[in-house]
Amino acid sequence: MDHLKRQDEKVFAAIEAELGRQRSKIELIASENFVSEAVMEAQGSVLTNKYAEGYPGKRYYGGCEHVDVVEDIARDRVKEIFGAEHVNVQPHSGAQANMAVYFTILEQGDTVLGMNLSHGGHLTHGSPVNFSGVQYNFVEYGVDADSHRINYDDVLAKAKEHKPKLIVAGASAYPRVIDFKRFREIADEVGAYLMVDMAHIAGLVAAGLHPNPVPHAHFVTTTTHKTLRGPRGGMILCEEQFAKQIDKSIFPGIQGGPLMHVIAAKAVAFGEALQDDFKTYAQNIINNANRLAEGLQKEGLTLVSGGTDNHLILIDVRNLEITGKVAEHVLDEVGITVNKNTIPFETASPFVTSGVRIGTAAVTSRGFSLEEMDEIASLIAYTLKNHENEAALEEARKRVEALTSKFPMYPNL
């Protein structure tokens, strides 16, 4: 980054500081990952200069012959990975992908059935502070009070009662496998569309390690980062019958020019996801998550649903007599990055919470394996149990430093 350093020392310094943070801390935020240098090179390419409103072969600007190739590569690779009939890779985010689906099939005030945010859903699945909850009449389903797993009988009962036009499946904090086939059966029984938001699990689906929602859903949305390990962005997969409507909802509906440099980075990441070593990577994510969950439970920590089937673990910290906010802060103080998170049947404020959400996608990209999961479980428990003991926290910091120093990050940057 020699040019940046010469041109803007302040921005350069901030980026260097962030690189230092990523190198020195243990990244456990479930929605984050570390992209390859090839993905970063594509995103930092000259494609950032090109306006390309429209779609390949039908642009509103000249000079799009090369970016057309890039977008076609991205779309074709997604079709190969997931078996989708139609793909739109232009959404700038998962939220915009969800918005485009809603705009395609819903009218203002239509009823939608989505997962309660504190039970593991997402802001765009009907939260009253989000456009989805403002524009549409969302009815919530959730998890069982004892098992903390989706109660499909309850979903069916609510669907029969409220007759939604759309059912939304998928989550941002649900550590168990979702039965997409069952969701489609429920949707068909009440005459609803089914949209699956697979943002968190897309990489696991790509590797064949989680059921694929594409054969069951009318629409599938996802981010391109998280377990898929691409740049930050979104995309939509849908049945061919909705292709023109979805494309129109993205452009000119809610976006103008696509970010072609980001689409190039998406294409590179999709190419990586087609390789055999990506399947190994995804399996290691799950293996690490299971080992970490086991370690946390051995340390006496309480896990929502009692464990995990994917990359994500939700810790209920109430038995430690602390809040999620305190847990996030003290873990960050010793070099472990997590996020506070609501838990099912939450009683605390979303700014405080009773839980912490963690995931293994980023640490697995870094090369951590089962042995490191044992140490991380020990570190988390030790830190939370001694959150007011400065000597203990200093010891935890040294253990984190010893661990991260074994796995250098981005040595060429």
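Don't overthink the numbers, they just go from 1 along the chain as shown.
The backbone N, Cα and C atoms fix where each Cβ goes, and this holds for glycine too.
Taken verbatim from Swiss-Prot:
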- LEU117, GLY121, HIS122, LEU123, GLU239, SER349, PRO350, PHE351: (6S)-5,6,7,8-tetrahydrofolate binding site (BINDING)
- HIS225: site 'Plays an important role in substrate specificity' (SITE)
- LYS226: N6-(pyridoxal phosphate)lysine (MOD_RES)
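Distribution of Swiss-Prot features across the structure.
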residue: LEU117; record: (6S)-5,6,7,8-tetrahydrofolate binding site; Cβ neighbours (10 Å): 25
residue: GLY121; record: (6S)-5,6,7,8-tetrahydrofolate binding site; Cβ neighbours (10 Å): 26
residue: HIS122; record: (6S)-5,6,7,8-tetrahydrofolate binding site; Cβ neighbours (10 Å): 24
residue: LEU123; record: (6S)-5,6,7,8-tetrahydrofolate binding site; Cβ neighbours (10 Å): 16
residue: HIS225; record: site 'Plays an important role in substrate specificity'; Cβ neighbours (10 Å): 25
residue: LYS226; record: N6-(pyridoxal phosphate)lysine; Cβ neighbours (10 Å): 28
residue: GLU239; record: (6S)-5,6,7,8-tetrahydrofolate binding site; Cβ neighbours (10 Å): 15
residue: SER349; record: (6S)-5,6,7,8-tetrahydrofolate binding site; Cβ neighbours (10 Å): 12
residue: PRO350; record: (6S)-5,6,7,8-tetrahydrofolate binding site; Cβ neighbours (10 Å): 14
residue: PHE351; record: (6S)-5,6,7,8-tetrahydrofolate binding site; Cβ neighbours (10 Å): 9
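Taking CA atoms as the reference points, LYS226 (N6-(pyridoxal phosphate)lysine) and SER349 ((6S)-5,6,7,8-tetrahydrofolate binding site) are 26 Å apart. Taking the C-alpha positions, the distance from LEU117 ((6S)-5,6,7,8-tetrahydrofolate binding site) to HIS225 (site 'Plays an important role in substrate specificity') comes to 21 Å.
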